[in-house]
Structures are given as structure tokens and as C-alpha cells.
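Summarising the annotation, TrEMBL assigns transmembrane segment to 7-25, 97-114, 126-144, 180-207, 219-239, 274-293, 326-346, 353-379.
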Amino acid sequence: MKLIDALLNLVIPFLIIFHLLVAPYTKVEESFNIQATHDILKYGLPTNDISKNFRLNYDHYSFPGAVPRSFVGSLALAILSKPLVVLTNANGYDTQLIVRGLIGLLNAFSILRYKSALAKVYGRETGRWFILLLASQFHVIYYASRTLPNMFAFFLTTLALRDFLPLQEWNAPKRHRRGVFLLVFAAVVFRSEIAIFLSAQLLYMLIHPRMSLQVMIPICLRSAGISLFITFIVDSYFWQSPIWPELSGFYFNVIQGKSSDWGTSPIHYYYSNLLPKLLLNPFIYVALIPYGLKKAAIRRRLKELITPSILYVTIYSLQPHKELRFILYVTVPFTAAASYVAAFIWNHRSKTLFYRISSIILVVSIFCSSIFSVCMLYISCLNYPGGHAVLQLNHIIKDSSPEIFKGQDVHQISVHVDVLPCMTGFTRFLGPPGSVVTDKDVPIVNGVPIILNYDKTEDQSLLRQPEWWKQFDYTLMEKPERALGNWHHVATVLGYSGLEVLRPGKFNSSFLDYVEQTLLTNQIELDKDEGKSEKELRIKNDLSHILTRIKKLILKTKIKGLIYIKLITEFPQQKAWWWVVPRLEPKIWILKRHVQIEGNDSDSEPSR
């Protein structure tokens, strides 16, 4: 049984890294922290001409966002990831994976710590079902490696929830104080809504006396003071003015009500839509938790797991703007409650027919949820055309004619990036191959160092000036007709655009075309790697060599996965079955400015 527990403990970190590798790009919500981590890694922390250095190099000065965000999480990620980045000589893309993998593993650690304590209090079977139920869900695993402020907070809230579990240990008061500190820190630094989560937890601890008000108030004040000091010092340095970012965010979103500009939902939306999406498996909220609340033998212990979370979701439902990530923290206690009931049913499966049938349904529901989660993962990975476009542009530049770089010591390439690419995967990490750590590691293309300058201008008055566009060599556009001037259409990047039904006899599908093209591209890349000698693979050190080997293994696995996807998609057509697949449509156009080299036109037709 120890072997089973050890293997189950590997499931969560494995799945988090697997989701990261399948969907390695980021969305706009993650942009601030991923760009900030890049800038800290590459440009360091200036001590002279600080404001000037930030204005020249740091993304947050060019694109500060609607409200300022905290650098505390990004700074921690940069400090923790830099040794591995240096040792592996990682390029930008690999560094992004390292950074995201690090936060993913930290969240996996917090989940496993919670599971360990859960097993001590509610039994080993409960801990095992907790892993199985959580692993078959999608959103926590998918979001775990994403640089959202919510996921920094998730790490802290999960550790805090572990401290609030009723472990029969002598140091319970110490654990409770630590849990309060973690929640206060998460609320002050990362997400202000955690203050509601903290209040719900403290109220429960007062009613079921685990902590007195005389202890609670001082620890809250001390924790708030320490947390505020840290965020104020760090963020005032980066923003170059006295600031408490989460207070600014709270004032903007709640007091001024600006969050409603991003849409509003009815008061019941968390319970009727988003919470079921989070838990994914309908057996959890339709059967397991309701049955546990009715069963006298387990009702009390079930309530102590979920009551603070229910209170939090209920209070937060009063806020008109609702998003799934705002209640992500409650997934852990709700899943723990469901796992406690699942263990009870499983342990009684030999007693009655009801428990035997319920056990079978439980296992089948986890299997079905896992299949659905895999489908959601694959569809999600098609939602990042911006990331795919940047890497495709890198390959285009890498394969450029040597004539373009002839007689140049360093070649500057200017790229305009439209809004959609910025929102769907573009980050500063995804430049051409070369280390992200220092400016000295400039990538070499055809023997010439390349420096890419990315522009993300959104000013419509500039975008309507033909002369302004002449400064760019390439552009990534959602609508190519908006690029003024003479441009070549170099490539088109597809993205997810709903589902399509394949009828019997219908063999033309945008999805199948995409799979075949991706398979061909990856096979060509693998063939290039296979053609390299062992000496070439040993770039600088053993860790770099190991990283290269791992990347090749991942590429081979990806090719096998695409082959299986192709076979699975084609099988129903061969059997004259109806089938549903993702529909893909052009999302981003890669355009190259039309130039003449030595009197000859370049080899593409202009798009305008």
C-alpha cells in the first residue's frame, strides 16, 4: 500500500507538468507576472538610474495595465528559477517552461501537503480518493503552472487550509496562527478577495472554538503589518512610487465598480455554473456531498471541511463580476469533502447493494471525468495562436536567406505585434533561440547576431499612418488588411473556433489538416535534431545536454500523440460514424515587409 501511496503522490506533479508541456503558452491574465519575471531574469535589479532602466527595459512601464500589480510573486519566481536557467543555459522558451514549471511544482507541493494532513485526519482512503478526484478535474491542474496572482494565492491558501485541518497535535495553536498569517499574506499581496476567505475561516474558528478573539486580532494585525511592509518595499521599488498594489486593485474593481466593465453575472452564477465546472465530475456535487450531508455518521466532519468555503462563495457572489479563478481556492476543500464521502462508500461496498452500485458509479465517473479533462486540455492548447505565431516567426527568421544579413555585424529586426497575439501567447521569453539571462547571449542566425525589437502599439492614430509601418520588418496581425503598406503573406496561424461535426463520408476537416501539418513540422524538427552529432548535442555542460535530451524525448512523445489523435479522428470516418472535432480557423497572419534584394523581388506575393 505504501507503493500505491507513493505512486499516487506522483500523479499531481506529473499531470501539472504534462499540462504545461501540452499548453506551454500564456493568456493576457498571466501577462504581467510572466513579463515581470522575464525582465527581472534578464535585466536584473538596477541600483543606479533606476527609473531610466525600468523605462528602457521593463514591460510594466510600457504597459502598466488597468491597475498596478505586485512584483512579489515574480521576484520570488525569478530568484528561485535563475540557478536552473543558468545551469541549463536555457533559451527563452525553455526558461518560460522552467518558470511556469516551478510555480506548478510549488502548487503540487501544497496540494500534497494538504493531502498528507487530510489522510491523517480522515484516513488513508480519503487521501487516495482526494488525489484521484482532483487529478480527474481539469482547472486546478491546468491553472497550477500559470503565473496568475490567483495561483500564487492558491499556493498559500492550500497550505493554510492544511493548517486548519483538525489534526490532533500539540502544536495546533501554532498551526492555526501560521494558517492565518498565510491567508493574510495572500490577501494583502496577491488577491484581496482572500480577505473574505480569511473572514469566513476565522468566523468558523470562533463559533467552533479553536482560536479566541484575543489571539486572533493580534496575529491578524501582525501578519498584515509584515505583509504590507514586504509588498510596499518591493512594489514601491519597481513602480518607483509609494504603492500598495492590491489596495489599488481593490479600489478600482470594488469601490469604483470597474470590474463590471468586464461583464456581470447573476448572483447564483458561482453555484449554478462555475463551481460545477471547477469540480467537473457531476457525481461530486450531485451525489457525494449531498449524501454526506444527509448521513449522520459523517455529516459533522464533512461540514467542518466545506462550511467556510460555502460562506466565502456565498458572500463573494454579491460581487457582480464573476470569474472561475476567483473561487479556485475552494476546489481543495470541496474535493476533500467529496473524497471523505467516497472513502466511506468504498469502505462499505461489501455491505449493501447501494454501496456496491455507488462504488461502481464513483469509479466510472472518475474515468469519464478524466477523459473529458483530456479533451478539454487538447482544445485549450489550440487557444494560443499568439504563442504559436511567435515561434513560427522565429523559425522563419532562422531560415532566412543569408543574403539578408550580408555584411552586417548585428541585424536588428523590428516586429509589430497586434492585440490578439499579445493576448494569446506572446511573451518576451519567446524570442529567437538564445539565453534569456543576459544581453550578451544574442542568438546567431546564419552567422549574424540577431536582435528582435517587438512593438505592441495600440494607438489608433499611429496605426492609421502608412509612414509609421515602414519601420517594421514583420508584423503579426489578426486582420492583415490593417497593416498599411506593401507586405508579403508569409504564414497563417490557426486557432480554435468551436466544434464541427464530421458526417460519414466527410474527410475534409480543418482539424485533420492541422494535425497532419503539425505532425509534419514536428517530424522535420526531430529529423534536424537527429542529424546533429553527439558532440554538437553536448553544448556547454551536462545539465544543458540533459535538457536537450529531455526536449527531444518530449518531441518524440508529441509526435506519437499526434499520430494517435490522427488515428482516433480517422477511425469513426472509416466506420461511417458521426464524429465531433475542434474547428480551426485562421487567427493570426504573419506578414513580411516587401523589399527588393539586388534588384530582385522577394519570393512571395504581396498581400496588399
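Backbone N, Cα and C atoms are what each Cβ position is placed from, and that goes for glycine too.
Keep in mind the model is a prediction, meaning the values are calculated, not measured.
The stretches the transmembrane segment (274-293) and the transmembrane segment (353-379) meet in space: the count of Cβ pairs below 8 angstroms, excluding pairs fewer than 6 apart in sequence, reaches at least three. Simply put, out of 7-25, 126-144, 353-379, 7-25 has the most Cβ pairs sitting under 8 Å from the transmembrane segment (97-114). Contact count against the transmembrane segment (353-379) (Cβ pairs under 8 Å) is highest for 126-144, out of 7-25, 126-144, 180-207, 326-346.
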